[in-house]
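A short write-up of the structure that comes next.
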Amino acid sequence: MGSETGAGKNYLYNNQDFDLSIDVFSQVSSKLLDDDGRPKRTGTAWTASAHIITAVIGAGVLSLARATAQLGWIAGPVVMFMFSFITYYTSTLLAACYRSGDPVNGKRNYTYMDAVRSNLGGFEVKICGWVQYLNLFGVAIGYTIASSISMMWVVLMAQTQSNCFHASGGKDPCHMNSNPYMIAFGIVEIFCSQIPDFNQLWWLSINVAAVTIGLGIGIAKDTLKAPPSESKTMKKATLLSVGVTTFFYMLCGCTGYAAFGDLSPGNLLTGFGFYNPFWLLDIANAAIVIHLVGAYQVYCQPLFAFVEKTASEKFPDSKFTTKDIKISIPGFRPYNLNLFRLVWRTCFVMITTLISMLLPFFNDIVRLLGALGFWPLTVYFPVETYISQKKMPKWSTTWLCLQVLSIACLDITIAAAAGSIAGIVLDLKSYTSFST
């Protein structure tokens, strides 16, 4: 009996210790996890603002001087401010849809498409997805063109500080073939696309931290801590980031126009706007190339993941899509080679490189990408999602105002896209593909 009693006490004590350890573990886990079981979110309005600013300010700023020159001193700044305000306003509408139902405890919508699915659903979710992925595809083309132009400039400056320019008395005889540079950029991207967890590398985080957040606060997951509610934090972050980027855009556009007037180049660093100091231009263009190498991959990661996930779901028994081949690398952990990933990502980079070689028109491509992505991603879906979230009655004052805004932005998008396409057509008339 004594031994049994002792054993019973030991069993009881062990159970108590076990229960206590469970309680302690649960308390520790609750501190490390959020209400949805995911790691505790630590983001703030400041970190979100930094990510958005990093994402939004890209190679497109190089063409702002030319855009301002075309509009003039009054219309140029007014248009930039107007579109900045529209972007801020529609972003706050989208931020309000982060949670369905209750803004504090409602179901989280982790991505842009989740918000659209929860509030609109059906066919519009598919349209939203296609627009986002086509936009990413277009961005990859734009980055290939921009990087090749910057690489050409660095090489051009190495040729005795642009002798071809100075020998002509200030004219522009420096015509170089961009195809080799696009191919070189494509080869680098093929290699980078096979690096596992590329978007989590520390140096990439410094280079283009969370670039995808900038897609209309779209594809990337929201990692903001709560309280306060994520929508309130995101609204503050949007106001700060849009304010900073607007100031930066105004600065680039207006100072460039002030410096070069109506002759402002389409690309401020490579459009023969200025040439001294040469070393400064070389550093700037080299920095752009380094930035775009990483940005290309970050923007394409959601598209890569979508295609690979779809393929694995449709062909779960195919070794080509699901099997990883372990390759031993001395001094490193084995590399998992997936044949489908190798073929698909290589083909994707080759296609974007080929299209870039066929349409190497930086200014018109940038304008077209901006036009095609502006209305659907920045205006239409945020407006319609917000209307559905708030169960806004048709023909109410707010509903009418939002619809007028959406239609007006659609008209502007159509006009801008038409102008960009016309510019590309004119460029094609004087361009021979794959010419030396």
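Every residue, even glycine, has its Cβ placed from backbone N, Cα and C.
TrEMBL has this to say about the protein:
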DOMAIN    41-211  domain 'Amino acid transporter transmembrane'
TRANSMEM  45-64  transmembrane segment
TRANSMEM  71-90  transmembrane segment
TRANSMEM  133-158  transmembrane segment
TRANSMEM  202-219  transmembrane segment
DOMAIN    222-425  domain 'Amino acid transporter transmembrane'
TRANSMEM  239-258  transmembrane segment
TRANSMEM  278-299  transmembrane segment
TRANSMEM  342-362  transmembrane segment
TRANSMEM  368-387  transmembrane segment
TRANSMEM  399-426  transmembrane segment
The transmembrane segment (278-299) in contact with the transmembrane segment (399-426), cutoff 8 A, at least 3 CB pairs, sep 6+ | no
Output the single range from 71-90, 133-158, 342-362, 368-387, 399-426 maximising the number of Cβ pairs under 8 Å to the transmembrane segment (239-258).
-> 71-90
Could you tell me what the rest of the chain brings near the transmembrane segment (133-158), counting residues at least six beyond its ends with Cβ under 8 Å?
-> 59, 62, 164, 174, 176, 178, 181-182, 184-186, 189, 215, 267, 269-270, 278, 281-282, 285-286, 288-289, 292-293, 295-296, 299-300, 302-303, 306, 348-349, 352-353, 355-356, 359-362, 365-366, 368-369, 372-373, 377
